[in-house]
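*Asks:* Got a structure for you, questions after.
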Amino acid sequence: MGDVVQMHFSTPDYVIFALLLVASTCIGLFYALSGGRQRTTQEFLLADRSMSCLPVSLSLLATFQSAVAILGAPSEIYTYGTQYWFLGVSYFLGLLIPAHVFIPVFYRLRLTSAYEYLELRFNKTVRIMGTVTFIFQMVIYMGVVLYAPALALNAVTGFDLWGAVLAMGLVCTLYTTLGGLKAVIWTDVFQTIVMFAGQLAVIIVGAHQAGGMGEVWRKAINGSRIASLDLNPDPTERHTFWTLGVGGVFLMLALYGVNQAQVQRYLSSRTEREAVMSCYVVFPCQQVVLCLGCLMGLVMFARYGEDSPLDKGYVKTNDQMVLYFVMDVFRDLPGLPGLFVACLFSGALSTISSAFNSLATVTMEDLIKPYCPAMTEAKATRLSKGLAFAYGLVCLAMAYAASHMGSVLQAALSIFGMVGGPLLGLFCLGMFFPWANSTGAIVGLVAGLVMAFWIGIGHFVSRMTVPTTLPPIINGTAMPLPGNMTTAVMTTLIASITAKPKPTGVQALYNLSYLWYSAHNSTTVVIVGLIVSLLTGPMKEKDLIPGTVYPVLGNLLFFLPECYREILCCVTPLPHKPKAIDTQPYQMAQKESNGVSHPKEEEKTEETEREKDEDEETATPQPSCRLAHTLQETAL
């Protein structure tokens, strides 16, 4: 690297960056010392189910908008053009389906962990398998999302690498442990505002220096960076309308439908209506975020053209290119580089804090409480806080491990992204197919994970064994995906080799676009699960716990006589009112399956009764047959 890269923070930059960390810590301390002071697991893990629509929606957005997305989206647009923008098409169904299918099921069952659903629908083994799978993907992801932005910052500015990692990790652990989910959500709101401010500042100043947005657009058109609608149906093509608009739906469902970090926010809402509204509010916010990433990429192209800092050797990877651009644009504007770095680390903090809280929740509710039914509420709360703190330390350890991964870093993130698909398939199997049994669920999940690892590792190994005599590969880029926390981010290296013959057979499977991974793997779980269920004895309607199956088939097959619909388990509807699930069968199911009673459901406060009255007044009919038909075609 040349001397051009040696740009350093000024005092105002350090001050602004420090203020972000201090403000986040203060929010955690405020909720630790106010209100109920996080004395119950309901308050610590679910914010006492008291959150309104706006903070929940901004928190959902912040979890989606990770630091990898902030770094990856502009470099993707700079390198390949605006085709990636069509991912926004998938946001519509990717949020409409969770709002009207997953949220009603989860909310009316009054769950704490999404994986409690798997025990109610199948059995304890399926619940534990789902929980362990989720913990595996999140632990890998936490270290990477903490280390990646710190590494990019260190490479471009000389900012101390482990100083940044420790500052972020410890601050995040502190406010998550002290303030619980309420602190996580409100820091997400604050960090979302910082993210928007940082990105807007870069776009406005960069466009001004390039001669205005009109000049930026002209250069983008002349440089062939404004992509047209590509309707190529080939699933091995990296980005087309179908891979982004249809494959992206499954990625969105894996994140906003069944990911614990997002489900926990729905469950923290005061009413089901507010939980649904939070999904609707996220939709325009996501479109704004996507447009900001695209605009920043176009402004980068207007500044550098085809002579990228990567080609000149100023940076080593595409991940570092955005930070180099920011430091270059703000060279003479002290404080603004600090604002963008605060924006970048806000993305990391919001994602990691969500991971801490969701991991503490699933560990407590799925792996500890069922085996310790006599545990007092005070002890359970202290243990939940201890778990959040422990996962914070695990995150720092994983960041250290990530620093030694080298090129395996991309493989680790790819593995994280692929795990979301099988989990989505497992929930869809239980929610939409009443005759699916626990054996089918277990075999289906294992088959989906095997398929995911086979394709992912096979793709990675095949990339590593490309003969060096072939034409050079276009530089890899970090793909910002909504599949994790988020859900879902996956970093892949996609080779674009000139005059390369069309892959066939297994090689074609290895060349499957990364956007189809979630769809492919979730479909594998559903198909294998249904076949095994039919072979081992499908479940009967009388064996199903009411409220655990969404009546898609019941809506589609409304014209059949009831006797035939009963054979297909299509008669039982989803309860309309939240209090419909607070019945004896559900209470008994809870006690029989995990040995833990839920006094919180029996002790109704005046406020809870008021909220339920509001639910009854605002209850809307179930989605029509048209929505069910849409679900059948898109999600399944």
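Just so it is clear, glycine is given a Cβ too, placed from its N, Cα and C backbone atoms.
Feature list, courtesy of TrEMBL:
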COMPBIAS  598-611  compositional bias 'Basic and acidic residues'
REGION    588-636  region 'Disordered'
TRANSMEM  14-33  transmembrane segment
TRANSMEM  53-72  transmembrane segment
TRANSMEM  84-107  transmembrane segment
TRANSMEM  128-149  transmembrane segment
TRANSMEM  161-181  transmembrane segment
TRANSMEM  239-258  transmembrane segment
TRANSMEM  279-302  transmembrane segment
TRANSMEM  339-362  transmembrane segment
TRANSMEM  383-402  transmembrane segment
TRANSMEM  408-433  transmembrane segment
TRANSMEM  440-461  transmembrane segment
TRANSMEM  514-535  transmembrane segment
*Asks:* Are there residues at least 6 beyond the ends of the transmembrane segment (440-461) whose Cβ is under 8 Å from a Cβ of it, and what are they?
*Replies:* 118, 122, 125-126, 129-130, 133, 410-411, 414-415, 418-419, 421-423, 425-426, 429-430, 492, 506, 509-512, 517, 520-522, 524-534, 536
*Asks:* Which one of these stretches, 14-33, 161-181, 239-258, 383-402, 514-535, has the most C-beta pairs shorter than 8 Å to the transmembrane segment (84-107)?
*Replies:* 239-258
*Asks:* At a C-beta cut-off of under 8 Å, are there same-chain residues at least 6 beyond the transmembrane segment (161-181) that contact it? List them, or none.
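*Replies:* Tertiary neighbours of the transmembrane segment (161-181) are 21, 24-25, 27-32, 38, 43-47, 146-147, 149-151, 153-154, 187, 264-265, 268, 345, 348-349, 352-353, 356-357, 385, 388-389, 392-393, 395-396, 399.
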*Asks:* Sequence gap of 6 or more, Cβ distance under 8 Å, 3 or more pairs: do the transmembrane segment (514-535) and the transmembrane segment (239-258) meet that?
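*Replies:* Checked: the transmembrane segment (514-535) vs the transmembrane segment (239-258), in contact.
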*Asks:* Tell me, please, if the transmembrane segment (128-149) and the transmembrane segment (383-402) are in contact, taking contact as 3+ Cβ pairs under 8 Å between residues separated by 6 or more positions?
*Replies:* yes
*Asks:* Do the transmembrane segment (14-33) and the transmembrane segment (383-402) come together with 3 or more C-beta pairs under 8 Å, pairs six or more apart in sequence?
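*Replies:* Answer no, regions not in contact.
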*Asks:* Give the nonlocal contacts of the transmembrane segment (339-362) in its own chain as ranges (CB under 8 Å, at least six residues past its ends).
*Replies:* 9, 13, 16-17, 19-20, 24, 45, 59, 62-63, 65-71, 112-115, 131, 134-135, 138-139, 141-142, 145-146, 149, 153, 159, 164, 168-169, 171-173, 175-177, 180-181, 184, 187-188, 190-192, 194-195, 197-199, 201-202, 259-261, 264, 323, 326, 330, 384-385, 387-388, 391-392, 395, 485-486
